[in-house]
Amino acid sequence: MGAPKQKWTSEEEDALRAGVRKHGAGKWRTIQKDPEFSPVLSSRSNIDLKDKWRNLSFSASGLGSSKLRVPKITGPSSSPSSSSQPLLLPAANKFTEATLPADAEKKPQDGKTLPKYGAMIMEALLELNEPNGSDIAAIFGFIEQRYAVQPTFRRFLASKLRRLADSNKIEKIDKSYRLPDSLATRTPAPMNASAPKQKDPSKPSKVSKAIGLFSASSPALEAAMAAAVKVADAEAKAHDAHDQTMEAERIFKMAEDTESLLIIAAEIYDRCSRGEITTLVPVAQREI
């Protein structure tokens with residue numbers, strides 16, 4: 001084990017930036033051998049320079065840029081190697097899909113939307129009772145017939161259905177939704193020995209009439225509906241931005257690994273062309 005890495009100083013960072021401006025990104029050995037920068041960067045390896053430059057690049061862009069600057073891949077370096085020391089060949093990286101912790105994927109459910117929307121969705125799924133689930137259009141059509149809702153409610157409905165599915169309150173089958181079997185088959189116990197009175201499906205209940213009247217005449221409820229739609233849109237955009245950031249970081253890492261392999265291949269070719277014997281020693285990939 002080597003000595004512990006020291007924290008980068010501002011002088012070393014300035015020297016690294018100046019070296020990249022002079023020789024370009026990826027020319028870490030050339031920057032180290034440059035008399036202008038070697039006194040300052042003598043204690044750093046080419047891997048240290050590469051990692052530090054990546055951190056500086058991400059810090060400058062804030063990981064939020066839609067265009068990722070991929071370092072230019074150049075040809076083999078013309079500087080000869082004076083020794084035939086074993087060449088360290090980094091092991092191949094294992095790229096896996098970025099996953100979030102289970103707690104991070106769960107979005108807050110309480111206090112964000114009005115309680116009656118969830119009840120309206122549950123009522124629609126219970127009445128439709130499709131074995132393979134009902135799609136968003138069918139659920140929206142049922143609710144629109146029962147209650148006076150705005151046309152923008154459909155956009156909010158998709159977000160609400162995803163939340164209910166994430167919280168295991170409903171089941172998602174492809175692009176359709178249905179109630180769990182435990183809820184779909186649950187029947188209330190009778191209050192007395194006589195058979196319960198059947199409701200006429202064509203006549204909405206008193207609660208439904210009250211909700212529909214309130215929805216059509218209350219400016220406060222319309223404002224709450226518009227705010228809920230904006231919240232749902234913001235959450236969807238934030239999720240898409242996070243996915244794009246993770247994909248950009250993955251592509252940037254792939255470009256760096258490709259550049260490293262090209263540098264190693266160029267050095268192997270340079271040594272073999274001079275008749276030197278090159279030994280490849282695999283090393284374990286560091287975890288980032």
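From the backbone N, Cα and C atoms, a Cβ is placed for every residue, glycine too.
If you look up Swiss-Prot, you'll see 1-60 marked as domain 'HTH myb-type', on the strength of sequence analysis. Look at Swiss-Prot and you will find 1-42, 62-87, 181-206 tagged as region 'Disordered'. Taken from Swiss-Prot, the feature compositional bias 'Low complexity' covers 76-87. The domain 'H15' annotation in Swiss-Prot covers 113-181 and rests on sequence analysis. Residues annotated as coiled coil in Swiss-Prot: 230-250.
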In DSSP terms, the domain 'HTH myb-type' (1-60) comprises 39 helix, 0 strand, 21 coil
Checked against DSSP, the composition of the domain 'H15' (113-181) is 40 helix, 7 strand, 22 coil
The average per-residue pLDDT within the domain 'HTH myb-type' (1-60) comes out at 83
